[in-house]
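Positions annotated as Zn(2+) 1 binding site by Swiss-Prot: 60, 62, 75, 78. Residues or ranges marked as Mg(2+) binding site by Swiss-Prot: 449, 451, 453. Feature annotation from Swiss-Prot assigns Zn(2+) 2 binding site to 778, 852, 859, 862; the stated evidence is sequence analysis. Residues or ranges marked as compositional bias 'Acidic residues' by Swiss-Prot: 1384-1404. As annotated by Swiss-Prot, region 'Disordered' applies to 1381-1404.
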């Protein structure tokens, strides 16, 4: 027998009237529901037993047949079949309508499908359906065309004139007739022909119409089925009616809606039978149409039908929509049995794989197992009495409970479950009380703390489920964070504090001899006798050598695995995590778990022994604070007076003040930490808590003992009045008031941002849920290049970290020997990465999900390593969901962390100079330099300084026996020459040899430092610069415009009162001339400098402050105007989350920058079209035409007449638009940009996410292409199509000898891409449910159930992990029902950390 769950795909389509009749078991003729006296369903009513089946099992309505033996008999008296009452959930009825009505989904949705087919607008359709206008069906010789609307008078006029030949109609009848007359095939052919004739068609409506026509043609649906003659009635159990106490009834809204339809339908039938006047009948028909509309989709109507208490009734569509709808409430998330929840408390005595389960809960959760066991042991004769025993809580029940619970894993979950580590499995240990006990080290993964958090517990029942739980979900298998491969189980808080105290060292008195010991036992004895302290320096004979260490460190080293290098340093939380990662790398998870439990024990033990506490005295305020604050006040005063004299603007003064306070705050913090460090011999508890990473950050301690510093307003602006006090001294009233801003913003943000982050995660999951690892190798030749990430000069992410866990895409070759070190497709482990780094590579090509060519999902080689286990990913791994969780989870975390600092603002100290931290040689200075009055070299346009790191330099005569030649690459430590005295000279770093003019140099990488206009250069080409020597100086607060020649100023299109505003500063009475936007007039503001016959023009952007008057004389290098840069706002993820959001949604930024479409030379024409300046780019290739570029007048242009630009360069200021990058620079550039930008936001917050997760999502955003030329394919121009389908179709057409289609890639944001998935189930359960289903039904779409969501919805196993196709045929055999047996466990011994297996044996 075929089970109803055994199918591969689901198709959705329009139902024909015959189909609806086929489903139905009878017609519902009366609006009655149940008889108020007998409470039995009324015959022919909405709950009729004859139609829908009996309400009592195996019993007919009248009671003639009353037992299972009459199964299938239909009662001759009442006509009810004797069957199960369950059939009332599946049997449908129908209502025969007296007049056809239109289905609201097809005429009211945008775009209206019916409207597209008939080429009518929604309003026209409505006026026909609602009996306002006639529509022409057959125009005869009237000269009108089919489908035109006419009013009553015209209709009668035409009738009189042309008689029966002229046919027009009104209402749904007419629409149905028109739809039935459409020849879908012919229409579609005609439109295709039209499109080809017109070429490059742009009318979207025609394309849309073609799409709908072809949908009907290909799906076998008939257009007239969109008009209903017969309405299905859903089974009564799905719209139940229940009796409340007090004899009243609660009913589903659908019953009310159905009743209205039946009432109106019956009334219409009567009126037609009575041959009532047309006007009355029409009104009734209109009301029937409205009733059916309300039944199908009440929320779409302007005035929804209201029920009791003025509440809109819930129609069939509303049942599906939204968070409370069928999809999201019941299909994607169900409540499950065998679960419980309780408060959690810490269980420091537990092992890493255990949890404490309260006996009360265990009794309920394991009830069936206990009952079965009681019967097996003959402690109860049958299940029923066993149940009684359990409920009475007899003594033997608890003995059995121990046995049943043993080795039966349970799952713990803490909401919100933001990533897969929010559910983990543990082995239960029974405990007294009512609270669940949780191991302290798994808290971080759950983001749990013990301030009243609750957790839910779930029991896996079947042997298969238990096995999976045990093998995959047990906490020891989840030590690493899937987002980045770092341990997530690191110790925190008291454990860290204990370990830090244990491994720290007391300062020893100078010259005092060290006590010596020969082994660990002696040291223990000495501690017990009080001869030495845990932190005293001693010397000890250990592992064959004499060490200088402390007893505490010796004790700590006993818990590390054998053979691990001796750890001889104080361990903060970061250090401990490093050791955990290292042990995992070298010894695997089993040893790591054992070590974790030992670390936990040690940490708690010694935190208790050393018992640090903090008192107010421990918060030491630095004595230097008063002086520093005094200096700052003087500097602020100075800035104020400069402003009053008019030397600087108010904005500059403000920035200066903020900078002064930021700097002062940093200085105070520094001196405070020095003070704390000296206090109590380096063991000040406040300092230790911060230093060890146990609690508190530098930020927080700075506020306790330094100064609170600058605060931000809710808008993110910084208040320039700094808070000079700290919490130890106490705040003044004003300071307290300023502080409240930040504190409140913190709380408000947390509430709002958590929802945003949750929604981001939901969209990410939705777009990437069907990315599953599907094959071993897709065989692509494509790859991406990954390299070091730098910020200025600092390496933020090393090459090793960047390429870890990827497969190489090319052979890695040793640059010295030219041998292949690692062939293509080598998995890059830490070791491999280190070696590649040592070879001097700063970037290599690796495989990536972005370039993977798998049909479904991605392949192992392109994805690389599974970050949660550091082994290659396996087929069936749901990498898409993991990627989504890895990106979404920190979003939520970070927003929840804003408020801990209490809104203290941090502004960057503005740099005024360019410098590098090493000795360098200036290779080149790009850009136009002019010499000003002070004879300084000034950049008059944007440019750059190219500097190369100088590693070593010798005169050639100082060297003998050169081993290298000019241009050769050298490695660190490579021998390059010997000196005359015979000493070896080796390279200090990887670099390249450079020999010229008798000088031998080893040079490192080049750095290009971009500089802005007005920068003063202090160096010349070929200068050798010292570390941190200022290379160039600039104004950090303003962008400037600089004159390139001496001459006289002439204002052009600058008029005071029109586009120049005179701002008088009230406090200083200085006058500022500021350029403002002028909408009405076509002004192109610029300043010209005229000298003899030559003139130079400079465009002046909006917001510029003009520094010269009309007619002034200026010298080359003088400033003509300044543009103040926007005040720095504080950046936290509050700014960050919206940024991630707009990147993933691919939104166009407000003021997008313009990119150069081609390489070429700029010509600024000076013409203005529609408030935009016009520029031309003359391409390098003379055959190409010049490219016109328009830029809004207000924007600052980055280029000048005669500049050369490269394709993709920014021409004006503004933010990059991802769509432009894709269009101009191509897919690769866009991918790199998106990954980098998203990483940037998270990196600012100190969150590590592996690139591959972001790549998986970006891959999904670039799935579609836009057809630009359809060739001989079945595509239409401007159609969006899946890239894979596009390639397949092209292959087919080429094979048949046709011309292939051409397309451009398009970028879709998360929401758009999710709604465009192949699976309509997935899209419908995401957003816009009715729209998706309408569309799918017309197209007759088939859902092949490839993704995870679709399968969850219909209750299949998901096609990932053990549900993958290739595992479908494997079955698990069990010798006994209940728990896992010994033999199974032995087979899997490898997978289960030894500690667990040992433990479980030892407890019996």
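Every residue, even glycine, has its Cβ placed from backbone N, Cα and C.
Owing to the predicted nature of the structure, the values given are computational and were not obtained by experimental measurement.
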Would you mind ranking the binding-site residues 778, 859 by how many other Cβ atoms sit within 10 Å of each Cβ and giving me the lowest?
778
Of the binding-site residues listed as 75, 78, 778, 852, 862, the one whose CA lies nearest the CA of residue 451 (Mg(2+) binding site):
862
Top Cα neighbour of residue 453 (Mg(2+) binding site) in the set of binding-site residues 62, 778, 852:
852
Return the count of C-beta atoms lying within 10 angstroms of the C-beta of residue 453 (Mg(2+) binding site), excluding that atom itself.
17
Quick check: of the binding-site residues listed here (60, 75, 78), which one has the Cα closest to that of residue 852 (Zn(2+) 2 binding site)?
60
Rank aside, I only need the closest one: which of the binding-site residues 60, 75, 78, 778, 859 has its C-alpha nearest to that of residue 449 (Mg(2+) binding site)?
859
To which of the binding-site residues 449, 451 does the lowest count of other Cβ atoms within 10 Å belong?
451
Residues with Cβ closer than 8 Å to the Cβ of residue 60 (Zn(2+) 1 binding site), same chain and 6+ apart in sequence?
49, 54, 66, 75, 77, 78, 80, 81, 82
Hey, of the binding-site residues listed (75, 852), which one tops the CB count within 10 A?
852
Among 62, 78, 862, which are binding-site residues, the residue with the most C-beta atoms within 10 angstroms of its C-beta:
862
Between residue 778 (Zn(2+) 2 binding site) and residue 62 (Zn(2+) 1 binding site), the C-alpha gap once rounded to whole angstrom:
67
To test your reading of the Zn(2+) 2 site: which residues beyond 778, 852, 859, 862, same chain only, put their Cβ within 8 Å of the Cβ centroid of those residues?
775, 777, 780, 847, 849, 851, 853, 854, 858, 860, 861, 863
In whole Å, note down how far the CA of residue 62 (Zn(2+) 1 binding site) lies from the CA of residue 862 (Zn(2+) 2 binding site).
69
Look up residue 859 (Zn(2+) 2 binding site) in the DSSP assignment and reduce it to helix, strand or coil.
strand
Residue 453 (Mg(2+) binding site): secondary structure state under DSSP, collapsed to three categories:
coil
Residues within 8 Å of the 60, 62, 75, 78 Cβ centre (excluding the Zn(2+) 1 site residues themselves):
61, 63, 64, 65, 76, 77, 79, 80
Taking only the Cα atoms, work out how far residue 62 (Zn(2+) 1 binding site) lies from residue 859 (Zn(2+) 2 binding site), in Å, as a whole number.
64
